[in-house]
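I have placed the structure first, in the form of structure tokens, so that the comments after it can refer back to it.
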């Protein structure tokens, strides 16, 4: 056997045995397993300080049992941790409901719309010329379409106003027409009280909706404070008596968007921060009845994605300062009509020109109907993250009673039949002086996830975060030791090559002596350099 190879293999064995960092003949992994806080690891890789340890400590069957137990615990830990992580990534939420007693509450905005948008007797000849076909009062030839269905006084009025011989039409605006011909609250309102104090039509703000000209009580206006209420129950809210003026309703000879088959008013109770959306969110109040509306304020808080689907930012169009579902719907309708018809309807915000009656009939109303059919895809309006809603409970009684009919006839100079057909009373009040909070909360957060996984680690393998740090620290030390060992080997190989080259003549001399028989075969070995040389 060549002396160089023997010396090289011996040196490598010495390096390997020293590189493991063993103590007392044990591997570094056994030492780590003995010191580790990971339960069961020291029984799988036993470590004993003396060679006379009991055989049961190193029993193969015992090690296999501990290995199976640790493996099963690791599998259960992975399964449970995966389930907890999947639950966390589903972003669950819970909803909490609470009732809060308050000393006072801001009274909601109350929007009232007559179901008839335009007063018949306020129509002018110019109105009929431009909007007669839109209102279904005249046909495309500006003629009365169904004269046999009209009452005598209605037919006489239309016959007079629809004579357009030598008529020169004047400019026409749908906004001005709606403002002028819509029902006037000053004429409709017979009395008004808020918390027992008298109020008037001046306490209402004019707004425009799909029903035309409407009126909002307790609107948010600059320079005015919102009304509050200190008590709940009837008499501590808004009470108004209205005359719906059925004599002014447009005659119905066909189905159009501008004519109504019902009689009464449409009412919406809403927050001052959101615009009225009466045609969808309002409720009807019929004449001949006093309607009591007991309401309760609800303050809702929703979570943003990924836990929920609420929206907190304002609309990009800038038409409304505060985001709400109603504002989003109106903004969507406005954008759709402007894009398709190059105009906007009277109730729509913005600076685009108002649609003409022809654009209303030929474009805006059909486009709005088409949008409503596919609104789920074109108008996606999510709930705001914070909103105020009002629950309502309605009840009603008939008016007038037989005993009060004479008095009301005398007071309002109207017959009992007129009162039954036209007069209504609306009473809006808080059911109690408290509000309800409905709040979405995160059901599972990072702290809960870490707590669950930490609990599973402690239960199954008796580990903690520090145990994981132990594993990482051991892996770091092993990698570092291997790298240092590799570098030392390279340096030794380089230095070994240099030493061999310096003793080449001696090698030749030894080779010449090796042929001498008198050289003993068993020579005492010297240092590594002597052997190599």
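Glycine too: its Cβ is placed from the backbone N, Cα and C atoms.
For 1-68 (among others), the entry in Swiss-Prot reads topological domain 'Cytoplasmic', with the evidence type sequence analysis.
What Swiss-Prot lists as compositional bias 'Basic and acidic residues' is 1-16.
Taken from Swiss-Prot, the feature region 'Disordered' covers 1-23.
The transmembrane segment annotation in Swiss-Prot covers 69-89 (among others).
Look at Swiss-Prot and you will find 90-445 tagged as topological domain 'Extracellular'.
For residue 214 (disulfide bond), the count of additional Cβ atoms within 10 Å of its Cβ stands at 28 [all protein chains shown]. According to Swiss-Prot, the feature disulfide bond maps to 113-214 (among others), an assignment based on similarity to another entry.
Sequence-distant neighbours of residue 163 (N-linked glycosylation site): residues of the same chain at least 6 apart with a C-beta under 8 Å from its C-beta are 125. Swiss-Prot lists 163 (among others) with the feature N-linked glycosylation site, giving sequence analysis as the kind of evidence.
Under the heading disulfide bond, Swiss-Prot lists 310-385 (among others). Every protein chain shown contributes to the tally, and the Cβ of residue 385 (disulfide bond) ends up with 18 other Cβ atoms within 10 Å. DSSP classifies residue 385 (disulfide bond) as coil under the three-state reduction.
DSSP classifies residue 328 (disulfide bond) as helix under the three-state reduction. The disulfide bond annotation in Swiss-Prot covers 328-381 (among others).
Annotated disulfide bond per Swiss-Prot: 332-379 (among others), in sequence order, evidence recorded as similarity to another entry.
Taken from Swiss-Prot, the feature disulfide bond applies to 341-363 (among others), supported by similarity to another entry. Secondary structure from DSSP puts residue 341 (disulfide bond) in a helix. Neighbour count (other Cβ atoms within 10 Å of the Cβ, all protein chains): 21 for residue 341 (disulfide bond).
What Swiss-Prot records for 343-355 (among others) is disulfide bond, and it gives similarity to another entry as the kind of evidence. The number of other Cβ atoms within 10 Å of the Cβ belonging to residue 355 (disulfide bond), over all protein chains shown, comes to 24.
For 386 (among others), the entry in Swiss-Prot reads N-linked glycosylation site. The Cβ of residue 386 (N-linked glycosylation site) lies under 8 Å from the Cβ of 299, 300, 301, 302, 312, each of these being in the same chain and 6 or more residues away along the sequence.
Residue 413 (N-linked glycosylation site) is surrounded by 8 other CB atoms, counting those within 10 A of its CB over all protein chains shown. Taken from Swiss-Prot, the feature N-linked glycosylation site applies to 413 (among others).
Through the fold, the transmembrane segment (446-466) approaches residues 37-40, 70, 73-74, 76-77, 80-81, 84-85, 88 of its own chain, all at least 6 residues removed from its boundaries and within a Cβ separation under 8 Å. For 446-466 (among others), the entry in Swiss-Prot reads transmembrane segment, with the evidence type sequence analysis.
The feature topological domain 'Cytoplasmic' is assigned by Swiss-Prot to 467-533 (among others), with sequence analysis given as support.
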- Message: What does the structure give for the C-alpha distance between residue 343 (disulfide bond) and residue 385 (disulfide bond)? Integer Å is fine.
- Response: 32
- Query: When a 10 Å sphere is centred on the Cβ of residue 343 (disulfide bond), how many other Cβ atoms does it contain?
  - Reply: 18
- Give me the non-local Cβ neighbours of residue 379 (disulfide bond): same chain, 6+ apart in sequence, Cβ-Cβ under 8 Å, ordered along the sequence. 328, 329, 332, 333, 336, 371
- When you measure from the Cβ of residue 310 (disulfide bond), how many other Cβ atoms are you left with inside 10 Å? 19
- Note on the structure: Check: min Cα-Cα distance from residue 355 (disulfide bond) over recorded positions 310, 363, 381, 385, 413 goes to 363
